[in-house]
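Participant: This is the structure I have questions about; it appears just below.
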Amino acid sequence: GFYETQSKEVYAWLYPNYPPLANLIFYLVFITKQPVFNLFWWLNLKIPFFPSKIFTFLGTREYTVGFYKIPAIIFDLILAYLCYLFAKKLFPKDKQKHLLIIVMILFNPVFIYISSLWGQIETIVLSLFMISIYLLVYSKKPVSSFVLFVLSFLVKPVVIIFLPIYLIYFLKNYGWKKLFFSLIIGNLVFWLSFLPYYKNGNIFIYPYITYFQKILLSQSMSNVSNSAFNFWTIFPGLMNMKDTIKIVGPLSYKAIGFILVCISYIVITSLYLKKAKNITVFFYSLFLTGFSYIMFATRMHERYWVYLLPFLFLIGLKERKYLKWTIFLSILFFLNIFYAWSVPYFNWINSLKNNITILLLSIINFLSFLYFLFKINSRFLIKS
């Protein structure tokens with residue numbers, strides 16, 4: 001009955017809305033915290049010059065919050081290593097590029113803010129998805145790849161934005177039979193992950209109903225935008241409006257966003273189908289479909305931009321003329337994140353937090369998307 005039990009922290013009105021694997025990660029951190037405290041206490045007793053004042057910090061809420069950030073920080077390192085492996089495959093003899101992609105992740109303010117300062121677990125999702133891609137493309141292990149995709153989905157559902165291109169590559173390279181078998185194994189993993197939470201009802205459909213009702217429908221606040229500067233925030237007043245409001249006949253903001261996402265996906269996938277076995281085009285299409293989803297869907301968070309960066313970095317290293325975009329979009333995405341969570345706080349920066357800033361950054365973001373979709377798309381996907 002975990003997903004049916006209200007939180008004790010927030011006035012007992014919130015329900016858990018993280019998938020099972022994310023909950024497991026949080027639980028492992030929780031049960032590790034006390035042994036770490038005990039270790040420091042033992043060191044304090046055994047080593048005379050051990051700084052005893054450290055226990056003042058270990059008993060604070062700040063220590064607890066910081067401790068929960070450790071998995072995200074560890075997966076920053078894992079993600080950097082995974083991208084290093086991709087770079088080695090793409091550029092076997094170019095050690096400079098191998099090191100550069102590590103720097104692009106570990107010293108990128110977007111990753112630093114999201115993981116080290118904020119403690120969000122986006123890089124855990126990204127790392128599992130990148131392992132899935134590596135197994136699919138380079139290790140030729142499609143079933144294992146699909147299982148890793150499911151595991152990333154069991155941390156956060158946002159990875160589903162890449163599903164269409166992933167499935168096309170899968171089908172083009174491994175066929176329907178392998179996909180069908182992978183779906184069976186993936187569903188088994190998905191179903192088993194929910195068993196510890198089961199209390200009553202139909203056990204066979206419980207995981208699917210729970211994921212849809214308790215996780216997918218409860219993931220975000222129902223605003224047109226949850227601080228992501230995208231197409232909708234070109235009109236800043238929409239940011240805090242409910243996306244269920246109808247604006248064109250029976251169509252709400254949410255419905256129109258879904259239609260725009262579908263149109264973008266159709267355009268991108270129709271072009272990608274022509275070059276479905278090209279690895280670079282595969283990365284580019286993952287980047288572009290993710291970009292279009294975050295640009296047009298409602299309820300998008302500013303931190304979701306981080307999901308685009310690993311693919312953008314690989315594209316930039318592959319095609320040097322696009323390397324400047326890795327810097328430009330990293331800065332643009334960081335500004336969006338910093339606007340939403342301004343740490344450290346500066347009065348002069350706070351004075352810039354207004355609708356004009358939102359408008360300008362949203363327009364720049366949208367124009368960047370259009371540039372990738374049309375100009376670079378025509379050169380890269382069609383002629384690649």
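Just so you know, glycine gets a Cβ as well, placed from its N, Cα and C.
For 21-43, 63-87, 99-118, 124-139, 146-167, 179-198, 251-273, 279-301, 322-341, 356-374, the entry in TrEMBL reads transmembrane segment.
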Participant: Residues of the same chain, at least six outside the transmembrane segment (146-167), with any C-beta under 8 angstroms of its C-beta?
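Facilitator: Apart from its flanks, the transmembrane segment (146-167) reaches 18-22, 25, 121-122, 124-126, 128-129, 131-133, 135-136, 179, 182-183, 185-186, 189-190, 193, 211, 215-216, 219, 265, 268-269, 272, 282, 285-286, 289-290, 293-294, 304, 307.
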Participant: Pairs of Cβ atoms less than 8 Å apart decide it: which stretch in 124-139, 251-273, 279-301, 322-341 has the most with the transmembrane segment (99-118)?
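Facilitator: Against the transmembrane segment (99-118), the leading stretch is 322-341.
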Participant: As a test: from 63-87, 279-301, 322-341, 356-374, pick the stretch that has the greatest number of Cβ pairs under 8 Å with the transmembrane segment (124-139).
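Facilitator: So the stretch in question is 63-87.
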Participant: Near the transmembrane segment (63-87), which residues from the same chain, at least 6 beyond its ends, have a CB less than 8 A from one of its CBs?
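Facilitator: 25-26, 29, 32-33, 36, 57, 94, 97-98, 100-102, 104-106, 111, 114-116, 119-124, 126-127, 130-131, 134, 310, 313-314, 317.
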